[in-house]
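Single-structure report; data block below.
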Amino acid sequence: MKVISSIQELRDQLRGQNRTAFVPTMGNLHEGHLSLMRLARQHGDPVVASIFVNRLQFGPNEDFDKYPRTLQDDIEKLQKENVYVLFAPTERDMYPEPQEYRVLPPDDLGGILEGEFRPGFFAGVCTVVTKLMSCVQPRVAVFGKKDYQQLMIVRRMCQQLALPVDIIAAETVRDEDGLALSSRNRYLTTDERKEAPELAKTLQRVRDGVLGGERDLGKLEQTARAHLAERGWAPDYISIRRRANLIAPSAAELEAGEPLVVLAAAKLGATRLIDNLEI
């Protein structure tokens, strides 16, 4: 596996490749990330991964400085997955001058849910993903359903900008107790880690309620938020949306069996966790 930080060197290395499968990450790799590499290999060759902690998608009071950076461990994991190239640029490589041009998602998708609580987050994501796509020029790229809204925004962005990249969705990987794998799980204290699976269990109860015939979605959402709050969480949102566009479903759509997803974000102590379940 070649480890490359220069954009020009990356382009030289990949010249002539027309089936490249790309997996962008911020590093601190876990089994969830590695499952993305394996899925990428099913859809293209060679597999290219990137590791870049993107300052543009962090707010002023978020965890950019303390976000875990474990490059040497990550390299060893990617070598075992037979990744062809790891693109690991420095901030100067990616942004040699201030990044004044941004890619802004539409408010109907980028300004809701995560976008409401993390202003500017998706503009940062879209900007860096577009730039990474320009560098790697993949045929396919793999994104996890763990970040459901991000997946949808990136897919729509590629469609609307006519980027010749197919976006592949990967299922969320969970620990044995149901907690969705995340690099931020390492922030949890021992007691918080024991409590953390309650987020997934709460989403399961919401899903069961919908599948059981409950049509008052607001009641399901409020009950779920109250349940987490009683256990010491600080919920940002628990919301049932259409899978197609993350808009709240109408009564007619509910009766017609519209495919849904329930999404959540909540703080446990100082750690903000997100999760979702398709219904």
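Numbering starts at 1 and runs along the chain as it is shown here.
Backbone N, Cα and C define each Cβ position, glycine as well.
According to Swiss-Prot, the features are:
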type	residues	note
BINDING	26-33, 144-147, Val173, 181-184	ATP binding site
ACT_SITE	His33	active site, proton donor
BINDING	Gln57, Gln150	(R)-pantoate binding site
BINDING	Gln57	beta-alanine binding site
Specify the secondary structure state of Ser183 (ATP binding site) as given by DSSP, simplified to three classes. helix
Between the Cα atoms of Gly32 (ATP binding site) and Gln150 ((R)-pantoate binding site), what distance do you get, rounded to the nearest Å? 16
Which residues, sitting 6 or more apart from the residue listed as 'active site, proton donor' on the same chain, put a CB under 8 Å from its CB? Val23, Thr25, Lys77
Mind telling me which of the binding-site residues Met26, Leu29, Val173 has the densest Cβ neighbourhood, counting other Cβ atoms within 10 Å? Leu29
DSSP, reduced to three states, assigns Gly32 (ATP binding site) to helix
Protein Cβ atoms within 10 Å of Gln57 ((R)-pantoate binding site), excluding its own: 21
Between Gln150 ((R)-pantoate binding site) and Leu29 (ATP binding site): CA-CA distance (Å): 18
Round to a whole number and give the Cα-to-Cα distance in Å for the pair Gln150 ((R)-pantoate binding site) and Met26 (ATP binding site). 14
Express the distance between the Cα positions of Gln57 ((R)-pantoate binding site) and Met26 (ATP binding site) as a whole number of Å. 11
In the structure shown, which of the binding-site residues Gln150, Ser183 has the fewest other Cβ atoms within 10 Å? Ser183
Around Gly32 (ATP binding site), how many other C-beta atoms are within 10 angstroms of its C-beta? 20
Taking the Cβ of Lys145 (ATP binding site) as the centre, count every other Cβ atom within 10 Å, in any protein chain shown. 18
If you run the three-state DSSP split on Val173 (ATP binding site), which class comes out? coil
